[in-house]
């Protein structure tokens, strides 16, 4: 029957109390006046100490916030530990505790998936369509300059000598373009350049710009593979994929930041998530560009099958060049893609005759 | 090692603060926080939060608050935190479910505005409206966050609370913001004072209300001192920096003359901003009352500033030592592997793969070291802040404080979702 403190959950008074231990219940009696302040059934008494607490045993009736009994006297401590059987029992979950999680969780998941899977890709395409062509061209100019500068450093050649042109080569390229751009519309702004570097790659840039790197020509053993790559890149240009990529990237990083919160390492998570999502978006675009390429090739009467061969070759050809520079690293020769290309092949002719093809292949070696 | 004359302390010595009683009658708050315990909590929580893709942060926040609240004591009794992680998590899910459609709507309207030519005025108007919606949400979320935190706090079994309307607060805040923009920022201290008063005046313990009489003028004075300090530091930097050319200094001397003053100016800006915050906080506390009981603050700024500097340095040192150690280990390992490969003349690609695997092992080590450094810095700083501020706050004591009645209003069901999503508020 030692002293303790009782705070009844109704006022901030801290009553000095005596504890009377009956068989079934604890009677809490004020020292001052002897009034009984509360009766607590022993089996409902819980210990609710906090991690930084002051050493007293903190007791509550049930789990609700409310009255607190603070026990410091060692005799009472022993009574508490000996007589109260359910001190450490966790609160039972209320019936239907999961409903909130289920409802709002699915709403949130629905909202996020809808956003990432449908809204961002769809809207970024739409928005990309409305970006003024002039901005896109400026953007493309800068991008092209940066890529050429980077490659000129790699090749240790002056920037001015990076693009290739021979009269016969240009003619062959123009012929390819003319036959592949049937449904393209106005192509007065379209620019296709061959860049003198051993790296086998091709890019579509914003503002209707395409760069074909010489390494790709070196690897191809016929005009149709190159025509296929060119048609693929034309597909990206036609659908303004690059611009919508830019918009998608900024939208995803914004949203992921929102979902993952601002925590230590949050930036890292955002980065990883972004890469994954963007590569998923990327795959859709590659498929669209492949479809476009096959369509154009078939329409022009060229056999698209060599595109598949070129892809396979590129995948094996990482060799001594940094892998990420190779077309195959962003355009892997997946069996799915190869199958699509193979199945679509209904035969057809060569995109260029042998003379024209040799002229294009040697566009970077003027005699 | 102490900053005895900081700009804000000077004001208080001048006595422009009627409420700043140097030794208020009453009882002081006390804090019993442990640096080691806080460090391990922060470290563990950061780790768990990252490997659960951020989901654990609600549990981390709740546990951290439970600990911190329970280390603070007034009149012999600790504070209790009653919030649960479930409330925070659900609040977050609700915010996601509501905020994202809002974002979609915005993107859609944007696309429309982009799409139709000749609607430039509308586009401008629209982006303005959207900006205001965001501003509104941020202010709204802040008020709701405070309400959640207060209703989940109790002392002697009686809960705190925050009455008043979050919507009204948000609308008024936006009007203040407009006024601040119109006055080119001059009105900002008055806005801050209004926001502080608005919240504290609606806060209560049980049925006993807090009140605050902080004025924009007093806040303004602190801002002015801060700006004067920065101005003087910048001028000094300019003079010292330009002396590089005059003296014709080269090499190390030029670097010292140019960079050190710049470093000092930036340092002053950081330290000055911290001093400003502390000083405004002290001003606010000194102008607070709880049901007529004056609250006073006498804590010093210097320990907090020194701790901020020291904890940053310690965290950086831990981080760089770990980085150097990790990469050193990697270099040693790579050297060993290439030596072996040279000896046995085996495949260089295999060697590359072995080195890559070593990377996979060492990168997590560096990652953990980063968390370690961050947690150490935060624990050092956080504990100093608490140990400096909490015992420096006192409140007049009377029997009334033993007779505060519990209030019926139990507060919101879910917590902080918007605040979390919009990144409002501290931890």
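Cβ coordinates are placed from backbone N, Cα and C, and glycine is handled just like the others.
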Worksheet item: Looking at B:15-36, B:191-212, B:301-322, which one is transmembrane segment according to TrEMBL?
Response: B:301-322
Worksheet item: transmembrane segment per TrEMBL sits at which of B:330-357, B:358-385?
Response: B:358-385
Worksheet item: According to TrEMBL, which stretch among B:223-242, B:403-422 corresponds to the feature transmembrane segment?
Response: B:223-242
Practice prompt. Flag the pair the transmembrane segment (B:301-322) / the transmembrane segment (B:358-385) as in contact if three or more Cβ pairs fall under 8 Å (sequence separation 6 or more).
Written response: yes
Response to the item:
Tertiary contacts of the transmembrane segment (B:358-385), defined by C-beta under 8 angstroms and 6+ residue spacing from its ends, are 33-35, 38-39, 42-43, 46-47, 50, 303-304, 307-308, 310-312, 314-316, 318-319, 322-323, 325-327, 329-330, 333-334, 337
